[in-house]
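According to TrEMBL, the protein has these features:
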- 471: active site, proton donor/acceptor (ACT_SITE)
- 18-39: compositional bias 'Low complexity' (COMPBIAS)
- 45-55: compositional bias 'Polar residues' (COMPBIAS)
- 62-73: compositional bias 'Polar residues' (COMPBIAS)
- 96-108: compositional bias 'Low complexity' (COMPBIAS)
- 184-209: compositional bias 'Basic and acidic residues' (COMPBIAS)
- 219-230: compositional bias 'Basic and acidic residues' (COMPBIAS)
- 240-257: compositional bias 'Basic and acidic residues' (COMPBIAS)
- 295-569: domain 'MYST-type HAT' (DOMAIN)
- 1-113: region 'Disordered' (REGION)
- 184-257: region 'Disordered' (REGION)
């Protein structure tokens with residue numbers, strides 16, 4: 001009865017010492033690890049869970065000590081208490097249960113304990129040394145390793161932002177920007193420090209009252225003076241050695257590398273430009289990992305359109321599953337786009353379209369023009385806009401086609417009416433634009449079809465009794481075509497004009513050309529002069545003679561006949 005509290009406290013102490021976690025095992029090096037393993041009490045989480053769920057009983061083992069019966073009873077009580085907590089480590093249930101057992105243990109048990117302690121030390125060393133394990137791949141490193149950077153001589157290692165291990169685009173290539181991967185990492189760490197300093201300074205300024213007429217702080221004034229000094233120290237120009245270095249770099253690398261930018265501007269402005277580059281590259285990388293962009297591989301290179309294979313000029317927002325193919329197959333009548341030649345062949349066997357939908361409002365010879373309402377034929381007009389974006393840079397309308405009318409010009413033969421070009425027009429234009437978007441297909445360019453489309457748009461304006469003008473901005477080819485058309489209109493009008501005084505307003509009313517466009521064309525032809533307080537229009541006979549010669553040589557095959565138009569202006573929307 002007197003020994004019970006002592007034995008109970010000792011059993012509680014031993015039980016607490018046997019519940020060793022992995023962290024305590026790592027901290028114990030030599031003596032503690034040996035004592036823990038010699039006691040034979042490795043308590044695992046699974047064993048604790050098992051002991052908590054089901055309390056198993058194991059046969060008691062006779063003590064090897066030569067002490068009194070009281071000691072034996074105490075050891076048996078300890079064994080019973082510990083057995084209720086956890087099962088023994090060995091299958092036979094012969095694990096030592098007290099210090100007396102350890103003292104009289106046999107040499108074989110000592111060798112076994114030493115072997116277990118050595119295994120523990122090896123496991124701990126292996127846990128700290130992870131060089132043999134494969135490196136865990138992060139999310140931003142989960143690339144397709146078959147891809148390569150398009151920059152010549154680049155091994156795709158490093159990134160301009162300094163945050164990624166690899167890159168596969170020019171925007172993130174350190175070599176293209178004349179840097180190395182280590183330099184990019186150094187610049188990234190510098191930018192992070194500057195960002196932390198800026199955040200800290202902003203927190204300090206938060207205590208100030210946020211009024212609109214707040215005066216700048218001393219820190220802001222010092223920074224402004226520092227930037228002014230840095231920009232003042234900029235070199236005025238490049239010396240001969242620097243120019244030779246830049247020219248040599250450009251001749252050796254061409255457009256495959258970024259030009260050298262040092263000494264072109266101040267160091268402060270150059271660093272701002274580098275930060276903007278890194279931020280843009282990081283944003284592109286996030287979009288690429290999210291699957292929204294695939295730089296260099298999401299542009300359709302060619303399209304198969306009827307009997308032609310056309311190289312595209314610009315990116316068009318086709319669905320991703322079609323855009324990443326690189327080549328699209330299109331039906332030239334319904335403009336449906338497909339993935340393969342087989343699908344196109346099967347579609348052509350079933351397609352019943354031989355001309356655009358809508359009303360045929362003009363026909364002369366094999367040339368026809370169809371008026372297509374974007375509200376009634378929405379899918380066709382959307383496909384037409386997507387096709388046009390492949391060859392137009394400034395086009396932004398793709399899917400909202402309902403407020404527009406599309407006038408599609410075709411050339412007919414025994415197989416159907418083939419698409420030549422089109423122009424779109426707002427149903428209700430506040431600024432009297434008669435053209436919103438105009439396109440001639442590449443296979444029909446430089447054959448006079450563009451001027452026919454422009455002339456047809458002004459013919460519609462004449463029928464509506466309005467003065468029209470194309471919507472700005474015009475593409476490069478569109479601007480050239482319109483200037484050439486306005487020149488021919490003015491020269492034709494001046495050739496037929498017999499009076500002595502001419503009015504810009506009268507020209508505009510007869511030709512339906514906007515007065516602003518007429519004045520700009522006269523200025524470009526050097527036919528508008530200011531003399532003695534009056535504006536004079538010069539009738540240059542040399543330009544008129546050149547125009548007559550070209551008209552005679554061209555003939556009347558590619559002109560619009562107003563009598564062939566059968567059209568009534570639409571009312572409302």
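Quick reminder: no glycine exception, Cβ is built from N, Cα and C everywhere.
Within the chain, the compositional bias 'Basic and acidic residues' (184-209) has long-range Cβ neighbours (under 8 A, six or more residues past its boundaries) at 158-163, 174, 217, 219, 274-275, 278. Taking the Cβ of the residue listed as 'active site, proton donor/acceptor' as centre and 10 Å as the limit, one finds 17 other Cβ atoms among all the protein chains shown. If you take every residue in the domain 'MYST-type HAT' (295-569) and average the pLDDT, you get 88. Look at the compositional bias 'Basic and acidic residues' (184-209): DSSP puts its residues at 22 helix, 0 strand, 4 coil. For the compositional bias 'Basic and acidic residues' (240-257), the number of residues in each DSSP class (helix H, G, I; strand E, B; coil) is 17 helix, 0 strand, 1 coil.
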